[in-house]
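Novice: What follows is a single structure, and I will ask about it in a moment.
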Amino acid sequence: MNNSTWNNSDSGPTYYSPIIISLQIILGTLMIFTNSLVIMAVKRYKKLQTVSNLFRTHLAASDITFGSMLVLRALLASTGYLDMPYVCLFILIILITSGCATATGIFLLWLESFLLTKRSHNHQGAFSKRTATKMIFATWGIWTVYGFLSLAFLNDRSIDKRCLITNGYNEYFLMSLSIITAIHIFILIGIQIATFKMLSRHIKRLTKKGVIPPKISISYVPIKHNRITPVSERTVKATNQIKDNHSHPKPKDTSTSS
């Protein structure tokens, strides 16, 4: 850790664009609000408390953490406290931890979808709730350790004192972060492709068995609209009189002439 460059605060406060600060506050607030609704909905309704929604709750929690750090970073930048070395380090560590936890959470969610699709014939779940909870806690534990290990790879901030990940850490840590991101992306794309292919095979098999009906072609027949002419009042009265005569016929005269 290069304390000489991180503790150097002889210069004045670092300038941060008000537009960037405003965007960070707006984006962070939206992330906190929308993901809080997800967590409250899953917690309130027991039918939503599935393994898949457990992973979604984990994603919502990591997004709330990330959004909170965005708002906090913007507020600290506007007041000048972000120039304090250990305040900046705290923000960077939390951002790295929550960002990596989000990436792993997306991977776990798609992995569960892939295993559910693969095991659809025997109606078994991919993970139990207990296993999913352990995986979530392990995810946070691993990336928290990784975030604090970043303290060993601090960069020289004597030239640019802005509190940024690209400015705060050296090239070795940034390279490891890029490799971790690329691994998540490639594995996630592979799982998505495998899941869609497996779903396509299941649909074809169910269609052959008759469980899913084949595609039905629907032909549209144009409807001709008949023009209705207005009816006079005399015609309506005559029609009603004819209906009354049919419904109430006159009795026949049975008397004979003498």
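Each residue, glycine too, has its Cβ placed from N, Cα and C.
Checked TrEMBL, it gives:
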- 20-42: transmembrane segment (TRANSMEM)
- 34-258: domain 'G-protein coupled receptors family 1 profile' (DOMAIN)
- 54-72: transmembrane segment (TRANSMEM)
- 84-111: transmembrane segment (TRANSMEM)
- 132-153: transmembrane segment (TRANSMEM)
- 173-199: transmembrane segment (TRANSMEM)
- 239-258: region 'Disordered' (REGION)
- 243-258: compositional bias 'Basic and acidic residues' (COMPBIAS)
Novice: Per the definition of 3+ C-beta pairs under 8 A with sequence separation of 6 or more, do the transmembrane segment (132-153) and the transmembrane segment (20-42) touch?
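Specialist: Not in contact, no.
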Novice: Applying the under-8 angstroms CB criterion, which one of 20-42, 54-72, 173-199 scores highest with the transmembrane segment (84-111)?
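Specialist: Comparing 20-42, 54-72, 173-199 against the transmembrane segment (84-111), the winner is 54-72.
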